[in-house]
Ligand code: NAP
């Protein structure tokens, strides 16, 4: 019997979809047939896979006949409306949106942490929030060593985390500033932003996703809620401020974590250096620490700036960076498909 799979990519034209095709190709995923799905706007256009043109089809409820694995990345509404059709047709869905993540019947998986949870799926497996997944790549190994109680964190999130239109918005605003030959102190542009609530170029916006009644945003609460589910740690607490910055690719997160046990810096370094999917880049004296520009396009996340926290008991502070289009989305989804 052939091991080749019929794979569908929903949202193939998007920022994540493009990376999914690259991951499937680079990781030699056993694709026998590939179905590319997007909106009616993209139907009939082509995308390359393994050097061949593949025609994009419009997503409909009937798109999934014969599909083994459906990788969804077209937003929560599309997942809500179409993932059940894929499951009904016999496919296993790996969903990048937040729609199913907290559903108790849906495993939420980072393969380096809880690959075993994949086994309990009932047709849908969720991919975590990108900032959460990248943070946990460093936090979970430390949790295993010292037992994490709570974290205080701030994220520095790239525009590609919002999708293709946000990438355009940052590029256009940067071009506008340069074309008008503006001075550094005339960085506020005349054009109105479309994707973000404020100009993103030359700015830092402490507003990612919508605000909740408790004053945090949905994105900020994902760290605690999804972190608890992935680490099987219902008491984990996380106070997070998510900030959008004018970086094209890779999210960076500054974390101060408090643990049950005292933290030994050398042991922490050792634990992190052995963690799968994670590199330790930590030599500040030689200006070595993870940088968004360097981590962009790389599968592994990276951690650095390790230090005992000076304000927390049993505390460790660190800086973790990951390509959110890869570990935060496409790569993690393809890794989940590999677990299947
Ligand atoms: P994007 O660049 O805006 O792409 C959106 C994709 O969805 C496009 O392929 C688009 O197709 C498709 N789409 C939109 N409306 C559709 C419809 N009615 N029917 C079928 N397809 C439709 O967004 P993205 O950044 O790739 O994100 C996609 C999903 O992944 C979202 O749920 C997002 O939350 C999640 N995610 C993103 C990241 C990230 O770093 N970007 C990380 C983790 C999770 P057309 O081109 O035809 O419009």
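Glycine residues also receive a Cβ, built from the backbone N, Cα and C atoms like all the rest.
Whatever TrEMBL says is automated annotation, not expert-curated.
According to TrEMBL, the features are:
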- 6-121: domain 'Semialdehyde dehydrogenase NAD-binding' (DOMAIN)
- 13, 14, 15, 16, 41, 42, 160, 161, 324: NADP(+) binding site (BINDING)
- 101: phosphate binding site (BINDING)
- 130: active site, acyl-thioester intermediate (ACT_SITE)
- 157, 244: substrate binding site (BINDING)
- 251: active site, proton acceptor (ACT_SITE)
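Features as recorded by TrEMBL, highlighted on the structure.
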residue: 13; record: NADP(+) binding site; Cβ contacts under 8 Å, 6 or more apart: 38, 42, 45, 47, 56, 164
residue: 15; record: NADP(+) binding site; Cβ contacts under 8 Å, 6 or more apart: 160, 163, 164, 167, 325
residue: 41; record: NADP(+) binding site; Cβ contacts under 8 Å, 6 or more apart: none
residue: 101; record: phosphate binding site; Cβ contacts under 8 Å, 6 or more apart: 108, 126, 128, 129, 222, 226, 229
residue: 130; record: active site, acyl-thioester intermediate; Cβ contacts under 8 Å, 6 or more apart: 161, 251, 322, 324, 327, 328, 329
residue: 157; record: substrate binding site; Cβ contacts under 8 Å, 6 or more apart: 131, 208, 242, 243, 244, 245, 247, 251, 324
Among 160, 324, the most crowded of the binding-site residues [Cβ within 10 Å]: 324
Span of 13, 14, 15, 16, 41, 42, 160, 161, 324 around NADP(+) - largest C-alpha separation, Å: 26
Cβ neighbour count within 10 Å of residue 251 (active site, proton acceptor): 30
Listed recorded positions with Cβ under 6 Å from ligand 1, out of 101, 157, 244, 251: none
Count of other CB atoms lying within 10 Å of the CB belonging to residue 244 (substrate binding site): 28
Conformational class of the residue listed as 'phosphate binding site' under the three-state DSSP mapping: coil
The domain 'Semialdehyde dehydrogenase NAD-binding' (6-121), counted residue by residue under DSSP: helix, strand, coil: 35 helix, 33 strand, 48 coil
Mean predicted confidence [pLDDT] for the domain 'Semialdehyde dehydrogenase NAD-binding' (6-121): 98
